[in-house]
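First comes the structure, then the notes that go with it.
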Amino acid sequence: MPIPETILAASGPRRSRLSHALTQNIGLALVVALLVACIILYCGLYIATQHRLPGGYELTSTLNNTMPLAFAALAQTLVVLTRGIDLSVGGVIDLTNAVAALTLMGGPVSTTIWTIAILGIGALCGLLNGVLVAVGRLQPILVTLSTLSIFQGIAIKILPQPGGAMPPGFTGVLANPNVPLSLIYIPLIGILWAIFRRTRLGVSVFAIGNDAMAASSHGISVKRTTILAYMLGGVASACAGLFLAANATAGDATTGDTYTLTSIVAAVLGGVSLFGGRGSGLGALFGAFVTVMVVNILFFAHIDPLYQTFYEGLFLLAAVIAANVIGQIVRRRR
Amino acid sequence: MTIHATRRHLLQTAGLGLAAVPLMVARPSFAQSSGKTYKIALSNSYIGNKWRLEMENVFKAALAMDPFKTEVVGSIYNSGNDVSKQSQQMSNMIAERVDAIVIDAASPTALNGIIHQATSRGILVVSFDSGVTAPSAIKVNISQYDLGKGWAEWIVKQINGQGNVIMVTGVAGTEVDLDRNKGADSVWAQHPGIKVVNRFTGMWDSSTAERNTAAVLPSLPKIDAIWCQGGTDGVLKAFISANRPLPPTAGEAENGFRKMMLGIGGHTVTGYSAGSPPYLSLMALELARRILNGTYPKKNIDVPNVFLSNADLKLGVNVFADQPDSFFDDFTAGGPTSPVDICAQAAIDGSACTDQKLIINLPAA
Amino acid sequence: MTIAAVEAVDIGKAYGGVAALTKASFTAQAGEVHALVGENGAGKSTLIKIMGGRVRPDSGEIRIGGQAVSLNGPQAAHHLGAWTVFQELTLLPWMTVAENLLLQQEPRSSLGLISRQATLRDADALLARYGVMHIDPRALVEDISLAERQTVEIVRAVSHAPKILFLDEPTSSLVEREVEWLFGQIRRLREQGCSIVFTSHRWAEIRSIADRITIFRGGADVGTFTDIDEDEAVRLMTGRRVEALYPPLTPRPAAAPVMLEARSLSGPNLRQVSFALHQGEVLGVGGLAGHGHRELFRTVFGDAHASGGTLTVQGKEKKFRSPRAAIASGIALVPEDRKTEGLLLRMSVRDNASLAILKRLTRFGILKPQEERRAAQHVVDSLRVRTAGIGLAVGALSGGNQQKVLLGRWLETECQILLLYDVTRGVDVATKHEIYELVASLARSGHAILFYSSDAEELAHLCHRVLVMREGVVAAELHAPGITAEDIVSAAVRDHRAA
């Protein structure tokens, strides 16, 4: 081994591993703190008004109601990390939800096959977005705004009247009203995210979000990575559509619309930077839970109905400001 | 003038409201309501228009009036047309162990899961206005088909089955729009003398209806009657601007339309006014109470349509000179024998009536 | 006859009609350190970009190991053993040093997934192998200094055991010790038979390391030399003699009023700093990097907050909460890293020039285009900015010309106090000369100038007084005439406790 002539010696002790981990995952740490705060506040209000502790039903229904948004936020995160944005999330949810309503009615075998096919539809939607953005070199916001309308249009065409009835087994697995099965899905998403982050694709997604030019000069294919990110996002959106159908027990080609905006809110609350390259799917997942906890808190606070949205906005604004301030303080103190 | 006054008034109430509402309102919660019998919650998908506002206002007012004042603890939640939020709010209602949930749904099917959870826990679910398909929910609604049909039949009578008619339709793709049009078409089919010379959307919105009418009017022959789903006052304003005579008009229950039926503002129209009444929320509330106390069977009800002709209108009762044109006058059906009788103040700001009793007549069981 | 390791033959390249290279050639042998020198705008950076595969040439040929090659991307160059450290660094800011060092060659765990532990371990080993102990592989690139980023970028390139290594201005953000380290690495690579091609503006460095020098002027090579003195080189580059580089120092008027006074200014990395800056004076600030200069400038400009002490501007005590407030008091800052701190590269010369005086150029918030054009043209003319037009994006200009636009922007504000922070870093001789002239004439016309430079020679020639900073305190104050670069360096490195 060659001996270097000059050594650039360390000037002081290195910062601890924990200190690095905290500052580099500050977004995630903050959303976890926010979620804990929300849960405490919710429990406090619940006990004050109901004189008992929230139990299994509250847990199950909150989880089941959040899973579609959690997947939508995950979908949004995958795309936002590449410095893009996916406004078609709601459209993919509409479309997959509609297809689910039309096809999921048979036995377990046909249901499984169709479920996989629906995930494939999500991937195809993502492929379309990804190709238009990466190969067509079009602005993601314009591409996905257009495909949002296209997917919505197809959804309403194939399912003009809300309807369908999910097989009980399907609902029982994805959105069981009696057992908090989602407690399994959340760690599962966490594990999948950790795996994704440790694949070359995962690193590439972050890298092109950091600086596409620099990433490509180190051999990362920006086109391929972008397309795959949109495709994975499409699959996550399709998951959202399936969980939504399971929870509703039926399909409606328009109920996905609101997820476009709420998925962005959840991702940003979860510490995902809209400028790309920073954030985590886990954070977005927790961000989704925060937005639902806010609904719960406002419910048990018995706010005048006319001002519920006002306080919801206020609450989210306060959360974002608080997170920002704490983040700045932590970064300054380095 | 009136519009300005009202807007200022609204702003004032909003301002006062914001100042007065602390984050946590110390309202009597259900758990402490030992004296009252039933807990009933209203889950409304959104509060983005005047109709929904009046619907919620009369509901709020009714809760402060007998019999609900003594028997029911009520609460109201809006979900910004977000299905998952409405579903989450309903699961919170279930957690609160309410006795009944009254819903104006954001989706006909997407709430079926949560509705099923509620009913399987013994909670009564009554849907109204934007209905749901869940079989376990009780439905309260008017027949939109009959409404469209009723308007058309009146027109046939007015013009003796002969003449040119325009149809101003609603928001395409909605069930309500479809049913109303079907009702009208069933009548036209029996009267070949009626010619529908144009059919265009008014989006249930006065200004849209006015704009679209103004756009097609120059190309149209003499119009003998107007069939209008909504934005009726806008359609008539377009006729006035084009210096066309106002033909007999069947339309919604907008205050602007009814004012013209009374000749307020210088133009008089022969009209026939009816609509989806905001008091559907009261019918649903009353039905829930009656089912809960066992005085009414657990079944769907069809609320009868109330059509008003020029002679039926009375200023201050079912037309209001000091309310904006967009105000829906059918928050009350008027009179103690009608389906619902409630004061105007209740619809305007949700306060309880001081000088009259609340009357809700469910159809005979 | 040996086959050259790398050759550029008559390379030509034009951007938007402006020729950056006309007929540029050089040849570097294996085991040779080859310097490319020339004014900014001579085309060196463009040539390196072409050699590195980032930019396609319009004409000419690249030969590696005697074979003509077509480089359709940096990857293609890498496959041929050619690695490049570009002037615009290619590190990913929100990823760790370790992730950057091992990008696309991350160690895998048994499951086939990237192992973070192993990545950190390998990165640590890599840094240690090249004697870089002061950079924490866990740190985000965003959080380390420019010099450290440059070091990481160099380590990354060197770690691939390149056959050919291109370095574009590798020393521009490095201090002495880091330059020493870099030269150690270069010598080692040379011994291993690697061919190293680099660009620099620092003549002393070129002399100490380069085996041969190719001089460029106006987009073409002028000649390749093994032994050439500075005078001759500068003459070839610019046609000007080196003594004429620095303008004569005009003594400042004896009774000039104090424009800016700091008393016991303290803050992070800043302890009890006091000084008075007079009208017409160039007050130099020198010392080793990281000893508080940056913090001093940021504090005076309102970009950092002092924890103690006072700042007086023209007799009035001020507490700036933002750069906006400092600008309002007639203070302007020209920062070091013009890419990220000063200029909006994608916007035009006109937009950049008028940014600081938008208020003056607008009426009721609406820009007056003819005035804006006039102001921008004034900047371009008075500073001799070489640009095809004021509508051109600043990013398309050479480094020295970018710096001139940045300087000119503040001159338009008619501010009285100028804070110049290492403004000649990475700037060629001719532009340096123009900047020196400008600084001197600004002082003569009554501006007060606080001037930090990492180049001690520059401070010695240009300043009336020089404050040498060490560990956040003013360690020495030197007075002209008679300041030498040696005085400044020795004051900077002397242990004050021993003195």
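A Cβ is built for glycine as well, from the same backbone N, Cα and C atoms used for every other residue.
Heads up, TrEMBL stuff is auto-annotated, nobody curated it.
As annotated by TrEMBL, transmembrane segment applies to A:26-48 (among others). Residues 54, 58, 269-273, 278-280, 282-283, 286-287, 289-290, 293-294, 296-297, 300-301, 319, 322-323, 326-327, 330-331 of the same chain sit 6 or more residues outside the transmembrane segment (A:26-48) yet have a Cβ under 8 Å from a Cβ within it.
The transmembrane segment annotation in TrEMBL covers A:69-93 (among others).
When Cβ-Cβ distances below 8 Å are used as the criterion, the transmembrane segment (A:113-134) is approached by residues 79, 84, 86, 88, 91-92, 95-96, 99-100, 103-104, 106, 140, 143-144, 147, 151, 170, 222-224, 226-239, 241-242 of the same chain, each at least six residues removed from its ends. Taken from TrEMBL, the feature transmembrane segment covers A:113-134 (among others).
According to TrEMBL, the transmembrane segment annotation covers A:141-159 (among others).
Taken from TrEMBL, the feature transmembrane segment applies to A:179-196 (among others).
Within its own chain, the transmembrane segment (A:227-246) has Cβ neighbours under 8 Å at 64, 67-72, 74-76, 78-79, 81-82, 84, 86, 88-89, 92-97, 99-101, 104, 115, 118-119, 121-127, 129-131, 133-135, 164, 166, 170-171, 173-175, 196, 201, 205, 255-256, 259, counting only residues six or more beyond its boundaries. According to TrEMBL, the feature transmembrane segment maps to A:227-246 (among others).
Counting only same-chain residues 6+ beyond the ends of the transmembrane segment (A:258-275), those with a CB under 8 A from a CB of the stretch are 26-28, 30-31, 34, 68-70, 72-73, 75-77, 80-81, 83, 85-91, 93, 148, 240, 282-288, 290-291, 316, 319-320, 323. The feature transmembrane segment is assigned by TrEMBL to A:258-275 (among others).
Annotation comment: TrEMBL describes A:282-303 (among others) as transmembrane segment. The list of residues near the transmembrane segment (A:282-303) in space but at least 6 beyond its ends in sequence, with Cβ under 8 angstroms from a Cβ of it, reads 27-28, 31-32, 34-35, 38-39, 41-42, 45-46, 48-50, 62, 65-66, 69-70, 72-74, 76-77, 186, 189-190, 193, 262, 265-272, 311-312, 315-316, 319.
Taken from TrEMBL, the feature transmembrane segment covers A:309-330 (among others). Non-local neighbours of the transmembrane segment (A:309-330) in the same chain are 22-23, 26-27, 30-31, 34, 265, 268-269, 271, 290-291, 294-295, 297-298, 301, 303; each lies 6+ residues outside the stretch with a CB under 8 Å from one of its CB atoms.
Residues of the same chain lying 6 or more positions beyond the ends of the transmembrane segment (A:179-196) and with a Cβ under 8 Å from any Cβ of it are 56, 59-60, 63-64, 66-67, 70, 74, 173, 202, 232, 280-282, 285.
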